[in-house]
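In what follows, a structure is listed as C-alpha cells, so that the remarks can point back to it.
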Amino acid sequence: MAKRQLNRRQNWRIEKIQGERAARAAKRESATLETLEGGDLGPEQTGLVIAHFGVQVEVEAQEGEVTGQVFRCHLRANLPALVTGDRVVWRAGNQGIGVIVAQLPRTTELRRPDSRGQLKPVAANVDLIVIVFAPMPEPHANLIDRYLVAAEHAGIRPLLLLNKADLIDEQNAPALNALLAVYRTLGYPVLEVSAHHGDGMQSLQSQLDGHISVFVGQSGVGKSSLVNSLLPETDTRVGPLSEVSGQGTHTTTTARLFHFPRGGDLIDSPGIREFGLGHVSRADVEAGFIEFNDLIGTCRFRDCKHDREPGCALLKGLEDGRVQQQRMNSYRSIIASLPQDSY
C-alpha cells in the first residue's frame, strides 16, 4: 500500500502535537531535576554515556567506589545534545539516579542529517567505523561509499565487513568478489565473516579490541547477530528480513555501548536504510574518495564538474583504470544528492 501523503496543515498539526508532548516531558524532567539538585548529590565524577533514552541517559561510572556501575541520569537544560560514547561529568543522587553537569570534549563525532536536514550526532569518540553489508539484502556500492565518505570526513578509520558469508553462492559470488576487489585495491581493510556459523569472528574480534567501534549498515545485514556472537551475554533482539522488500526489520531501538573483555567498546546503533550526506560539501565528497587525492586540482578548468569537460583528470583516471567505474558512479550519485548550496 502506498504511503499516505500529508498536506501542509496536517504536517503542521502533527508537529504541533509533538511539540506540546515534548514540552510536557521537558517540564516533568525539569521538576525531577530540581528535586534531585535540591537533595544530597554526590561529588562530581567522570562517566561514560552507554545508552540514550530521550531526556535521560545511562551513565557508567568511571571512577571511585562505584566504577563500572550504571546510573540513569537526568540532563541539565544547558547541555548540548549527548549521544552514546560521550564522556561526561556527573553527580550521583539517591536510588541509582544521577545528574549530568557537563560534557567532556569529543575526539570524534559521527553525524548525519535528520528528517529536517538538521545535523544530528549519532555516536561520539569513535575511532573505528565498521561498515556492515551482506549477500542479502543485496549490497549497494553507493551506500557503502556514502559510509566511507562519512568516515573520511569524520576522521574515523573504516573497516568493511561482509557478514553472512555462508550465503555466498555461485550466483552472487562474481558480483560480491568484484565489489570487494574494488575496496581491497584501494587499501581498505575487508573482512568476510559469518555471525551464524562463527567463521572469521576471531579475526573480527582482534580488529575491534582496543578500539571504540560503531557498526553501521542497512537493516537486515546482521548487525545485532554480530553483537550477539561477539558478546553472547547481551540481549540484542534479532529481526528477520521482510519477505516483501527483502530488507531488514529494525530491531535495535537505541544506540548502546558494550565492553569487550580484552578492552575496547562497541556501539550498536539502529539500522538505517540510507546514510544522508547533506551536511558535506562537494570538496568534502571529493576528499572522501581517496583515489581522487592525486587528481583533484589537476583538471584543465578550475571549475571542472568531472562530467564531460575536456582535460578532466578524473575522466582521464577513469580511462587509465586509476578510478573504477563503480566508484565514479557512486561519486556522481552522491554529488547529485547534495543540496545546491553545497556545490
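Along the chain as shown, the residues are counted starting at 1.
Here the Cβ of each residue, glycine as well, is placed from N, Cα and C on the backbone.
Worth saying up front: this structure is predicted, and the values here are computed from it rather than measured.
Residues or ranges marked as GTP binding site in Swiss-Prot: ASN163, LYS164, ALA165, ASP166, GLY217, GLN218, SER219, GLY220, VAL221, GLY222, LYS223, SER224, SER225. According to Swiss-Prot, the feature Zn(2+) binding site maps to CYS299, CYS304, HIS306, CYS312, an assignment based on sequence analysis. The domain 'CP-type G' annotation in Swiss-Prot covers 116-275, and the record cites sequence analysis as its basis.
In space, HIS306 is the closest of the binding-site residues CYS299, CYS304, HIS306, CYS312 to ALA165 (GTP binding site), judged by Cα positions. Here the Cβ of GLY217 (GTP binding site) has 26 other Cβ atoms within 10 Å, regardless of which shown protein chain they belong to.
Checked against GLY217 (GTP binding site), the binding-site residues CYS304, HIS306, CYS312 differ in C-alpha distance, with HIS306 being the nearest. For the pair formed by LYS223 (GTP binding site) and CYS304 (Zn(2+) binding site), distance between Cα atoms is given as 40 Å, rounded to the nearest Å. Cβ crowding, taken as the number of other Cβ atoms within 10 Å, peaks at VAL221 among the binding-site residues ALA165, VAL221, CYS299, CYS304, CYS312.
When Cβ neighbours within 10 Å are tallied across all protein chains shown, the highest count among the binding-site residues LYS223, HIS306 belongs to LYS223. Among the binding-site residues CYS299, CYS304, HIS306, CYS312, the residue whose Cα lies closest in space to that of ASN163 (GTP binding site) is HIS306.
Summarised as a single figure, the pLDDT of the domain 'CP-type G' (116-275) averages 83.
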